[in-house]
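Here's the structure we're looking at; comments come further down.
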Amino acid sequence: MADSIMSKAATMEIPINSNGDTGSLPEDDSLEQDLQQVMVSGPNLNETSIVSGGYGGPAGGIIPTRSSNHNSGNSTEELTRGVAVEKLDSVKKWGINTYKCTKQMLSERFGRGSRTVDLELEAQIDLLRDTKLKYENILRLATALSSHFQSMVQTQQALGDTFTDLSQKSPELQDEFGYNAETQKLLCKNGESLLGAISFFVSSVDTLVNKTMEDTLLTIKLYENGRLEFDAYRSELEELSMGPRDAASMIRIEMAQHEYQHYRDKYERLRSDVTIKLKFLEENKVKVMHKQLLLFHNAISAYFAGNQQQLEQTLIQFNVKLKPPGSDKPSWLEEQ
(Lines of atoms letter the chains of each structure in order from A; the text may use other names.)
(Lines give C-alpha, C1' and ligand atoms only; values in the text may rest on other atoms or scores of the structure.)
Protein backbone atom coordinates (compact mmCIF):
# COMPACT_ATOMS: atom_id res chain seq x y z
CA MET A 1 0.00 0.00 0.00
CA ALA A 2 2.79 2.41 0.93
CA ASP A 3 4.71 1.59 -2.31
CA SER A 4 1.62 2.32 -4.35
CA ILE A 5 1.24 5.71 -2.71
CA MET A 6 4.90 6.59 -3.29
CA SER A 7 4.70 5.62 -6.97
CA LYS A 8 1.66 7.82 -7.45
CA ALA A 9 3.42 10.72 -5.75
CA ALA A 10 6.52 10.28 -7.93
CA THR A 11 4.59 10.38 -11.24
CA MET A 12 2.54 13.37 -10.22
CA GLU A 13 3.30 16.69 -11.94
CA ILE A 14 3.58 19.64 -9.60
CA PRO A 15 2.65 23.01 -11.18
CA ILE A 16 4.91 26.03 -10.60
CA ASN A 17 3.42 29.54 -10.60
CA SER A 18 4.99 32.69 -11.86
CA ASN A 19 6.64 33.39 -8.52
CA GLY A 20 8.54 30.14 -8.65
CA ASP A 21 6.54 28.52 -5.82
CA THR A 22 4.88 25.19 -6.07
CA GLY A 23 1.10 25.27 -6.14
CA SER A 24 -1.28 22.94 -4.44
CA LEU A 25 -1.25 19.26 -5.30
CA PRO A 26 -3.86 18.16 -7.78
CA GLU A 27 -6.76 16.36 -6.25
CA ASP A 28 -6.56 12.62 -6.66
CA ASP A 29 -9.34 10.56 -5.05
CA SER A 30 -7.44 7.30 -5.17
CA LEU A 31 -4.37 8.83 -3.54
CA GLU A 32 -6.46 10.34 -0.75
CA GLN A 33 -8.22 7.02 -0.08
CA ASP A 34 -4.89 5.20 0.09
CA LEU A 35 -3.50 7.71 2.57
CA GLN A 36 -6.56 7.39 4.79
CA GLN A 37 -6.32 3.61 4.77
CA VAL A 38 -2.64 3.69 5.78
CA MET A 39 -3.29 6.22 8.52
CA VAL A 40 -6.15 4.11 9.95
CA SER A 41 -4.88 0.55 9.69
CA GLY A 42 -1.12 0.92 9.22
CA PRO A 43 0.89 -1.29 6.92
CA ASN A 44 1.60 -3.81 9.72
CA LEU A 45 0.19 -4.21 13.21
CA ASN A 46 3.67 -4.89 14.55
CA GLU A 47 5.00 -1.59 13.24
CA THR A 48 4.16 2.02 14.12
CA SER A 49 1.15 3.70 12.54
CA ILE A 50 0.65 7.26 11.38
CA VAL A 51 -1.88 8.95 13.61
CA SER A 52 -4.66 11.23 12.51
CA GLY A 53 -3.25 14.37 10.95
CA GLY A 54 -0.42 12.77 8.98
CA TYR A 55 3.20 13.80 9.34
CA GLY A 56 2.28 17.39 9.95
CA GLY A 57 -1.03 16.96 11.71
CA PRO A 58 -2.01 17.95 15.18
CA ALA A 59 -1.05 14.58 16.71
CA GLY A 60 2.50 15.25 15.58
CA GLY A 61 3.98 11.78 16.06
CA ILE A 62 3.66 8.06 15.96
CA ILE A 63 2.33 5.68 18.64
CA PRO A 64 3.80 2.21 19.30
CA THR A 65 1.05 -0.42 19.18
CA ARG A 66 2.82 -2.75 21.71
CA SER A 67 2.92 -0.29 24.63
CA SER A 68 -0.36 -1.48 26.23
CA ASN A 69 0.70 -5.12 26.06
CA HIS A 70 4.06 -4.22 27.60
CA ASN A 71 2.42 -2.35 30.49
CA SER A 72 -0.01 -5.22 31.08
CA GLY A 73 2.88 -7.67 31.18
CA ASN A 74 4.72 -5.52 33.70
CA SER A 75 1.71 -5.30 36.00
CA THR A 76 1.16 -9.07 35.89
CA GLU A 77 4.81 -9.69 36.61
CA GLU A 78 4.76 -7.27 39.57
CA LEU A 79 1.63 -8.95 40.97
CA THR A 80 3.21 -12.40 40.70
CA ARG A 81 6.39 -11.15 42.34
CA GLY A 82 4.38 -9.60 45.19
CA VAL A 83 2.53 -12.88 45.88
CA ALA A 84 5.79 -14.81 45.86
CA VAL A 85 7.42 -12.36 48.28
CA GLU A 86 4.40 -12.59 50.61
CA LYS A 87 4.52 -16.40 50.63
CA LEU A 88 8.27 -16.37 51.23
CA ASP A 89 7.84 -14.01 54.15
CA SER A 90 5.10 -16.23 55.62
CA VAL A 91 7.29 -19.34 55.34
CA LYS A 92 10.18 -17.43 56.94
CA LYS A 93 8.05 -16.39 59.92
CA TRP A 94 6.72 -19.92 60.32
CA GLY A 95 10.25 -21.34 60.29
CA ILE A 96 11.49 -18.89 62.94
CA ASN A 97 8.46 -19.54 65.16
CA THR A 98 8.85 -23.33 64.81
CA TYR A 99 12.55 -23.13 65.66
CA LYS A 100 11.89 -21.09 68.82
CA CYS A 101 9.06 -23.35 69.99
CA THR A 102 11.12 -26.50 69.36
CA LYS A 103 14.01 -25.02 71.29
CA GLN A 104 11.70 -24.17 74.20
CA MET A 105 10.12 -27.63 74.17
CA LEU A 106 13.50 -29.38 74.26
CA SER A 107 14.78 -27.10 77.02
CA GLU A 108 11.68 -27.93 79.11
CA ARG A 109 12.06 -31.65 78.45
CA PHE A 110 15.70 -31.69 79.55
CA GLY A 111 15.02 -29.47 82.57
CA ARG A 112 16.93 -26.43 81.32
CA GLY A 113 14.05 -24.05 80.71
CA SER A 114 11.10 -22.84 82.76
CA ARG A 115 7.46 -23.07 81.78
CA THR A 116 4.38 -21.11 82.76
CA VAL A 117 2.04 -23.20 84.92
CA ASP A 118 -1.53 -22.49 86.02
CA LEU A 119 -1.93 -25.09 88.76
CA GLU A 120 -5.70 -24.83 89.07
CA LEU A 121 -6.29 -24.99 85.33
CA GLU A 122 -3.79 -27.84 84.86
CA ALA A 123 -5.61 -29.86 87.55
CA GLN A 124 -8.94 -29.36 85.76
CA ILE A 125 -7.40 -30.43 82.44
CA ASP A 126 -5.92 -33.59 83.98
CA LEU A 127 -9.28 -34.38 85.56
CA LEU A 128 -11.02 -33.98 82.21
CA ARG A 129 -8.59 -36.35 80.48
CA ASP A 130 -9.06 -38.94 83.23
CA THR A 131 -12.85 -38.53 83.08
CA LYS A 132 -12.83 -38.97 79.32
CA LEU A 133 -10.95 -42.26 79.63
CA LYS A 134 -13.49 -43.58 82.15
CA TYR A 135 -16.45 -42.45 80.05
CA GLU A 136 -14.90 -44.12 77.01
CA ASN A 137 -14.82 -47.34 79.02
CA ILE A 138 -18.51 -46.91 79.92
CA LEU A 139 -19.27 -46.33 76.25
CA ARG A 140 -17.35 -49.45 75.20
CA LEU A 141 -19.09 -51.66 77.78
CA ALA A 142 -22.56 -50.25 77.04
CA THR A 143 -22.02 -50.81 73.32
CA ALA A 144 -21.01 -54.41 74.01
CA LEU A 145 -24.10 -54.87 76.20
CA SER A 146 -26.32 -53.52 73.44
CA SER A 147 -24.76 -55.84 70.89
CA HIS A 148 -25.08 -58.95 73.09
CA PHE A 149 -28.61 -58.08 74.15
CA GLN A 150 -29.65 -57.57 70.54
CA SER A 151 -28.38 -61.05 69.73
CA MET A 152 -30.43 -62.45 72.62
CA VAL A 153 -33.58 -60.66 71.42
CA GLN A 154 -33.08 -62.02 67.91
CA THR A 155 -32.62 -65.51 69.37
CA GLN A 156 -35.83 -65.16 71.39
CA GLN A 157 -37.64 -64.02 68.27
CA ALA A 158 -36.45 -67.05 66.34
CA LEU A 159 -37.27 -69.38 69.23
CA GLY A 160 -40.79 -67.96 69.51
CA ASP A 161 -41.39 -68.46 65.79
CA THR A 162 -40.20 -72.06 66.09
CA PHE A 163 -42.52 -72.76 69.03
CA THR A 164 -45.44 -71.28 67.10
CA ASP A 165 -44.72 -73.47 64.11
CA LEU A 166 -44.44 -76.63 66.26
CA SER A 167 -47.65 -75.82 68.12
CA GLN A 168 -49.49 -76.02 64.80
CA LYS A 169 -47.79 -79.24 63.70
CA SER A 170 -47.87 -81.10 67.04
CA PRO A 171 -51.48 -81.45 68.27
CA GLU A 172 -50.45 -83.44 71.33
CA LEU A 173 -48.13 -80.60 72.50
CA GLN A 174 -50.03 -77.66 71.07
CA ASP A 175 -50.77 -75.98 74.40
CA GLU A 176 -47.22 -76.37 75.74
CA PHE A 177 -45.63 -75.02 72.57
CA GLY A 178 -48.19 -72.21 72.49
CA TYR A 179 -47.41 -71.08 76.06
CA ASN A 180 -43.70 -70.95 75.34
CA ALA A 181 -44.26 -69.14 72.05
CA GLU A 182 -46.27 -66.42 73.80
CA THR A 183 -43.65 -66.11 76.55
CA GLN A 184 -40.79 -65.70 74.05
CA LYS A 185 -42.75 -63.13 72.04
CA LEU A 186 -43.45 -61.12 75.20
CA LEU A 187 -39.79 -61.28 76.21
CA CYS A 188 -38.81 -60.24 72.71
CA LYS A 189 -41.15 -57.23 72.83
CA ASN A 190 -39.83 -56.12 76.21
CA GLY A 191 -36.29 -56.78 75.04
CA GLU A 192 -36.78 -54.44 72.08
CA SER A 193 -37.97 -51.75 74.47
CA LEU A 194 -34.94 -52.21 76.70
CA LEU A 195 -32.69 -52.29 73.64
CA GLY A 196 -34.12 -48.92 72.58
CA ALA A 197 -33.32 -47.45 76.00
CA ILE A 198 -29.77 -48.84 75.94
CA SER A 199 -29.21 -47.51 72.40
CA PHE A 200 -30.41 -44.07 73.49
CA PHE A 201 -28.01 -44.20 76.44
CA VAL A 202 -25.10 -45.22 74.18
CA SER A 203 -25.87 -42.47 71.66
CA SER A 204 -25.99 -39.76 74.32
CA VAL A 205 -22.75 -40.87 75.98
CA ASP A 206 -21.07 -41.09 72.58
CA THR A 207 -22.05 -37.50 71.79
CA LEU A 208 -20.77 -36.34 75.17
CA VAL A 209 -17.43 -38.13 74.85
CA ASN A 210 -16.58 -37.86 71.15
CA LYS A 211 -18.01 -34.43 70.41
CA THR A 212 -18.41 -32.27 73.52
CA MET A 213 -15.33 -33.47 75.40
CA GLU A 214 -13.29 -33.74 72.21
CA ASP A 215 -14.11 -30.15 71.30
CA THR A 216 -12.93 -28.98 74.72
CA LEU A 217 -9.72 -31.00 74.39
CA LEU A 218 -9.10 -29.38 71.00
CA THR A 219 -9.33 -25.95 72.67
CA ILE A 220 -6.94 -27.22 75.35
CA LYS A 221 -4.51 -28.30 72.63
CA LEU A 222 -4.56 -24.77 71.17
CA TYR A 223 -4.02 -23.39 74.67
CA GLU A 224 -0.99 -25.63 75.23
CA ASN A 225 0.51 -24.56 71.89
CA GLY A 226 -0.10 -20.93 72.83
CA ARG A 227 1.57 -21.50 76.18
CA LEU A 228 4.62 -22.99 74.46
CA GLU A 229 4.86 -20.01 72.09
CA PHE A 230 4.51 -17.57 74.96
CA ASP A 231 7.28 -19.26 76.96
CA ALA A 232 9.52 -19.41 73.89
CA TYR A 233 9.35 -15.65 73.32
CA ARG A 234 9.50 -14.98 77.04
CA SER A 235 12.75 -16.95 77.28
CA GLU A 236 14.16 -15.10 74.27
CA LEU A 237 13.35 -11.74 75.86
CA GLU A 238 14.98 -12.80 79.12
CA GLU A 239 18.16 -13.87 77.30
CA LEU A 240 18.36 -10.60 75.39
CA SER A 241 17.74 -8.58 78.56
CA MET A 242 20.74 -10.22 80.26
CA GLY A 243 23.03 -9.41 77.31
CA PRO A 244 24.81 -6.18 76.28
CA ARG A 245 22.87 -2.95 75.87
CA ASP A 246 24.32 -1.44 72.70
CA ALA A 247 22.23 0.16 69.96
CA ALA A 248 21.75 -3.04 67.96
CA SER A 249 20.85 -5.02 71.07
CA MET A 250 18.30 -2.42 72.15
CA ILE A 251 16.57 -2.73 68.77
CA ARG A 252 16.40 -6.52 69.14
CA ILE A 253 15.12 -6.17 72.71
CA GLU A 254 12.40 -3.81 71.56
CA MET A 255 11.31 -6.23 68.83
CA ALA A 256 11.38 -9.14 71.29
CA GLN A 257 9.30 -7.11 73.75
CA HIS A 258 6.68 -6.50 71.04
CA GLU A 259 6.53 -10.21 70.11
CA TYR A 260 6.40 -11.20 73.79
CA GLN A 261 3.39 -8.95 74.37
CA HIS A 262 1.64 -10.34 71.29
CA TYR A 263 2.02 -13.97 72.38
CA ARG A 264 1.18 -13.12 75.97
CA ASP A 265 -2.17 -11.65 74.86
CA LYS A 266 -2.78 -14.76 72.75
CA TYR A 267 -1.97 -17.03 75.70
CA GLU A 268 -4.30 -15.13 78.03
CA ARG A 269 -7.11 -15.30 75.48
CA LEU A 270 -6.70 -19.06 74.99
CA ARG A 271 -6.56 -19.65 78.74
CA SER A 272 -9.83 -17.78 79.14
CA ASP A 273 -11.40 -19.88 76.37
CA VAL A 274 -10.35 -23.11 78.11
CA THR A 275 -11.71 -21.95 81.47
CA ILE A 276 -15.09 -21.10 79.95
CA LYS A 277 -15.34 -24.37 78.02
CA LEU A 278 -14.40 -26.45 81.05
CA LYS A 279 -17.15 -24.76 83.04
CA PHE A 280 -19.81 -25.34 80.37
CA LEU A 281 -18.62 -28.91 79.83
CA GLU A 282 -18.99 -29.75 83.50
CA GLU A 283 -22.52 -28.33 83.58
CA ASN A 284 -23.49 -30.16 80.41
CA LYS A 285 -21.95 -33.44 81.62
CA VAL A 286 -23.90 -33.39 84.89
CA LYS A 287 -27.16 -32.57 83.10
CA VAL A 288 -26.76 -35.25 80.41
CA MET A 289 -25.51 -38.04 82.68
CA HIS A 290 -28.19 -37.38 85.32
CA LYS A 291 -30.87 -38.01 82.71
CA GLN A 292 -29.13 -40.96 81.03
CA LEU A 293 -28.22 -42.80 84.25
CA LEU A 294 -31.79 -42.47 85.50
CA LEU A 295 -33.09 -43.83 82.20
CA PHE A 296 -30.65 -46.74 82.24
CA HIS A 297 -31.52 -47.69 85.83
CA ASN A 298 -35.30 -47.50 85.40
CA ALA A 299 -35.29 -49.42 82.12
CA ILE A 300 -33.05 -52.22 83.39
CA SER A 301 -35.03 -52.54 86.64
CA ALA A 302 -38.40 -52.66 84.87
CA TYR A 303 -37.24 -55.23 82.34
CA PHE A 304 -35.79 -57.74 84.79
CA ALA A 305 -38.71 -57.23 87.15
CA GLY A 306 -41.04 -58.18 84.31
CA ASN A 307 -42.91 -54.90 84.66
CA GLN A 308 -43.87 -54.14 81.08
CA GLN A 309 -46.01 -51.13 82.00
CA GLN A 310 -43.20 -49.43 83.93
CA LEU A 311 -40.79 -50.11 81.08
CA GLU A 312 -43.11 -48.45 78.57
CA GLN A 313 -43.66 -45.49 80.91
CA THR A 314 -39.90 -45.08 81.24
CA LEU A 315 -39.51 -44.84 77.46
CA ILE A 316 -42.28 -42.25 77.28
CA GLN A 317 -40.82 -40.26 80.18
CA PHE A 318 -37.42 -39.93 78.50
CA ASN A 319 -38.85 -39.54 75.01
CA VAL A 320 -37.19 -42.67 73.65
CA LYS A 321 -38.52 -43.68 70.24
CA LEU A 322 -38.17 -47.31 69.25
CA LYS A 323 -36.95 -48.22 65.79
CA PRO A 324 -39.36 -50.30 63.73
CA PRO A 325 -38.39 -53.97 63.37
CA GLY A 326 -35.97 -54.55 60.51
CA SER A 327 -34.89 -50.89 60.24
CA ASP A 328 -31.28 -51.84 60.92
CA LYS A 329 -31.21 -54.31 58.06
CA PRO A 330 -29.56 -53.12 54.82
CA SER A 331 -31.82 -52.29 51.91
CA TRP A 332 -32.05 -54.38 48.75
CA LEU A 333 -29.77 -51.93 46.89
CA GLU A 334 -27.17 -52.03 49.69
CA GLU A 335 -27.18 -55.84 49.63
CA GLN A 336 -26.57 -55.79 45.89
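Backbone N, Cα and C atoms are what each Cβ position is placed from, and that goes for glycine too.
Range with TrEMBL annotation region 'Disordered', chosen from 1-29, 88-116, 146-174, is 1-29. Nonlocal intrachain contacts for the coiled coil (253-284), taken as residues 6+ away from its ends with a CB within less than 8 angstroms of a stretch CB, comprise 116, 118, 121, 124-125, 128, 208, 212-213, 215-216, 219-220, 222-223, 226-227, 229-230, 232-234, 236-237, 240-241.
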